[in-house]
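Annotated in TrEMBL:
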DOMAIN    8-231  domain 'Lipid-binding serum glycoprotein N-terminal'
DISULFID  C134-C173  disulfide bond
DOMAIN    246-435  domain 'Lipid-binding serum glycoprotein C-terminal'
Amino acid sequence: VYPGFVVRITQAGLDYARQHGVAILEQELHQLRLPDISGDFRVRRVGKVHYELSSLNLRSFRLPSSQISPIPNVGLQVSISDAFAVVDGNWRVKLHFIRDHGSFDLKVEDLSIRINLKLGSDGSGKPTADVSDCSAHVSSVRVHFSGKFSWLYNLFHSAVESVFRRTLESKVCEQVVSSVRGELQSYLRTLPVTAKIDAVAGIDYSLVAPPVAVAQALDADLKGEFFSLAHRSAVPFSPPPLAIPPDHARMVYFGASSYFFNTAGLVYHAAGALVFELTDSMIPKGLDFHLNTSTFSAFVPQLEKMYPDMLMKLRLSTPAAPFLSIGPEGLSLRPVVDIQAYAILPSASLAPLFLLNLVSGAQLVVPAAAATLGASVLTLPPCPVLPQVRTLQSVMNILASSILLPRLNARLAQGFPLPLLDRVQLSNVLVQSHQ
């Protein structure tokens, strides 16, 4: 019912995209091939005049003024005004026994173009765009013929201007449709539908519905779901409602719900990636602490008798996938962690010693880069406990802060890629947390 990830492109973002899109369209129109124009008309007391215009060449085509507007529940409308073009070519005319030819220059002014774009999505969840309507209107066409029979040219220049106006209006819209279905559609297909994170997981960024135009913005709902590369299965919980706060100060907004992050926990837990092993050799130098039975005999006296002065191994795992919650204070989770302790026997085999079941709290800090979001973990302060448990907790905190958290933060810092079109980079990134 709800997306796990949403994207909003505001009016500022659409304007930025429009600048690049119109620049490409201007180049396409500059390459426009105009057909030869010919016709006949009868002049009173003179007779039938036959004319031909050939080798039409667009010397320039400029689109100086444009704007883009989201039309709610319809799509996007691009309006171009004050466009102009310069055309030259050859002409030939025949009137009875009079035949003449030469060159001409033609100026098109006050050309306006209106393009309605319909947005959708294909079967793979990629965005699509097509032209639902296009209209072009030329207000002014002025043609200048070179030649000695100026009185003759004046007889048919208005007819030429009228025919050329209709031809150009038609060709402009043909080129617009071709550019949208070619250039724009190809570019939209560069949006990644899936992103591989590592050897375990990927992210599904496919659209769950066509993009929707709203007031001053364009919104897109994405699946926003981590999945296992080895075996994809249905997620046993549903996404919560997700809405981007009504802010339009920036070009683009990305929103991720707790569903997005919790599917990651589900995938990595199922893959056994949330299992960590700690040994004495991993303890940083400088710490007056060893992971052996002598240290832990203060809490379990039998250890010193059964396994005197033996090195130990701790195996940390989660009995269930950790669940994360998001609120104005940030991202937080309280995972349940099982710590299985082993003694390392002289034969290198392991003897199980005891099992600790811990409930720990953590907060995530999410920094942002140009195309990815990463994270780091900050542990919450411990709760009041009995003295002997407090001592054991201190030992576990040393192990966690010196060994486990640096490894976990190094992995989280790699982050995950955001769904960005080709050649798009983010700048001035701000990360906020909302309910």
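Heads up, the Cβ atoms here are built off N, Cα and C, so glycines get one too.
Automatic, uncurated: that is what TrEMBL annotation is.
The shown structure was predicted, so the numbers you read here are calculated from the model rather than taken from an experiment.
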Across the domain 'Lipid-binding serum glycoprotein N-terminal' (8-231), average pLDDT on the 0 to 100 scale: 91
Number of other Cβ atoms within 10 Å of the Cβ of C134 (disulfide bond) across all protein chains: 19
Tertiary neighbours of C173 (disulfide bond) (same chain, Cβ under 8 Å, six or more apart): I113, C134, S135, A136
